[in-house]
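Going by Swiss-Prot, these are the annotated features:
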- C382: active site, nucleophile (ACT_SITE)
- H511: active site (ACT_SITE)
- E513: active site (ACT_SITE)
- S16, D150, M151, E152, K190, S191, K192, P193, T194, Q195, K226: CTP binding site (BINDING)
- S16, K190, S191, K192, P193, T194, Q195, K226: UTP binding site (BINDING)
- G17, I18, G19, K20, G21, V22, D73: ATP binding site (BINDING)
- D73, E143: Mg(2+) binding site (BINDING)
- G355, L383, G384, L385, Q386, E406, R466: L-glutamine binding site (BINDING)
- 304-533: domain 'Glutamine amidotransferase type-1' (DOMAIN)
- 1-269: region 'Amidoligase domain' (REGION)
Amino acid sequence: MKKNLKILVITGGVISGIGKGVTSASIARLFRYDFRVTPIKCDGYLNTDPGTINPVEHGEVFVLDDGGEVDMDFGHYERFLNLNAKSSWNITMGKIYKKILENERKGKYLGRTVQLIPHVTDEIKSTIFQIASSENSEMLIIEIGGTVGDMENILFIETVRQIRHEVGSGNIAFIHLTYVPSPVGINEQKSKPTQQSVKTLNKAGIFPDLIIARSSQVLTDQIRKKIAMFCNVESTSIIDNIDVSTIYEIPISFYKQGVHEILSSKLNIKVDPKIEELSRLVGIIKSNFFVPKKIINIAICGKYAELDDSYASIRESLVHVAANLDLLIKSTLIDSNDLNESCLKDFDGIIVPGGFGGKGYEGKIIAIKYARENNIPFLGICLGLQLAVIEFARNVCGILDADTEENLIKDKPLKNPVIHLLPEQKEIKDKGATMRLGGYPVILKKNTIAFKLYGQDRIIERFRHRYEVNNDYIDLFEKNGLIVSGFSSDFKIAKLIEIPKNKFFVACQFHPELITRIENPAKLFLGLIKACI
């Protein structure tokens, strides 16, 4: 462990889904210019990673350059800290138990009874300190998933309690994000849930240094004093985290409330946050939110419409473009399971995102056909590219039975599999972490929309797929007006397609939304919106 390593631990209380990831990323941003900050997310589920979890249940799966499939909070970490995270930074209980069982089989515990304490907590600690060492970290931001009191995160809570004992109280600070409700009809803020949450944390041996109150309005002085008294913190250490028009306001709000000063005092360090550029971009977002200079309406035609977080990074990509083009983008998620052309008539542009399986498949094809025939700016992502190829094959090339091998029925081969399984996938049976995953180079063809947007002929983008365009059909597609504008580095796999005669009809096999930054929006989203103006 590095000497003078500083650690910030963020826990959540009352309810989940109130923004621990954004809160953690916002605090980390205040320290990123003065310290080498490494964010760590601890998840209590027994999955090795979220790669096989339904997005409707857990939110989108975020893919890293190293091929790791991690929690969506890593999207916030990367975007707020402008770094490329590593899959090892996402510690799941599934990974920990797997390592414990492997160690036991190898005899590393020398015949001792393997127990939750000390063996599991020691493994978590070892993993955390290994990350700090390998990254030469000066500060760790450790976010513990779920809420205090959940059975799933008890061992993570116990681990950070032990870490405090080992590193000393001057090198670690505990931040508790809680929810202060204002029940409808009562019109009064209630502190009792926060009190109970903090008491649960106290029983585990942790006493927060900072309480961040998630609420719809600024806390009243009365509630602030009440929380301070019952939770044993200074009233100045209770921070407002109210509803905002954009999450990029939150680091600025924390800065204005002196979060960095409170934590710096606790850790005996100096920090000088730089928020000028972020403040400028947030100012543009807010001004257009209230008095828009121009409004662009975008349809996101997705199959996981039950949960907005299923497409969180696409939403963020559009926010980044809006800030840089000084306009307002209104995005609407349309369920592709129940989509017809009338749903699309009021939109300036259409996005068809990724997904798996046949559900919602034909609805997406309807959206693609509508965009192509009506010259509406279109961006297809991953499955969106594959379905764009199928739509073109059916409705332009006349291959009416064109389809993907993903829809293959056993013992009934497709006559025209214009999308087929990647060769390296044919012998793979396991589902978890077996796709083409992570950052790969893409070679762009000159004089194409993609080349003009990127300004270079070689780019790195992130992938998550098993299927590809069948090269046997590419000549036919190009004769009919659909070109391949980007290939894999060996020129064997189509990665980008375009229809040059359309204003903007582009689809990519990769996920451009995974590398967007507010200071540097993803190029394909930028091109889409510019085409809509």
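Residue numbering: from 1, along the chain as shown.
Keep in mind that glycine also has a Cβ here, set from the backbone N, Cα and C atoms.
Projection of Swiss-Prot feature records onto the structure.
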residue	record	Cβ within 10 Å
S16	CTP binding site	12
G17	ATP binding site	11
I18	ATP binding site	18
G21	ATP binding site	25
S191	UTP binding site	23
K192	CTP binding site	12
P193	UTP binding site	15
K226	CTP binding site	20
G355	L-glutamine binding site	23
E406	L-glutamine binding site	17
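You'll find the Cα of Q386 (L-glutamine binding site) roughly 35 Å from the Cα of K20 (ATP binding site).
Residue pairs drawn from G17, I18, G19, K20, G21, V22, D73, the listed ATP binders, are separated by up to 12 Å at the Cα level. Looking only at Cα atoms, S191 (UTP binding site) sits nearest to H511 among the recorded positions L383, R466, H511. When pLDDT values are averaged over the region 'Amidoligase domain' (1-269), the model yields 94. Applying an 8 A CB threshold to same-chain residues 6+ apart, the list for Q195 (UTP binding site) reads I227, F230, C231. When the binding-site residues E143, K190, K226, L383, G384 are screened for a Cα within 10 A of the Cα of G21 (ATP binding site), the ones that qualify are E143. The number of other CB atoms found within 10 A of the CB of R466 (L-glutamine binding site), across every protein chain shown, is 18. On the backbone, the CA of K20 (ATP binding site) and the CA of M151 (CTP binding site) stand 18 Å apart. Neighbour density at the Cβ, taken as the number of other Cβ atoms within 10 Å, is lowest among the recorded positions M151, C382, L383, L385 for M151.
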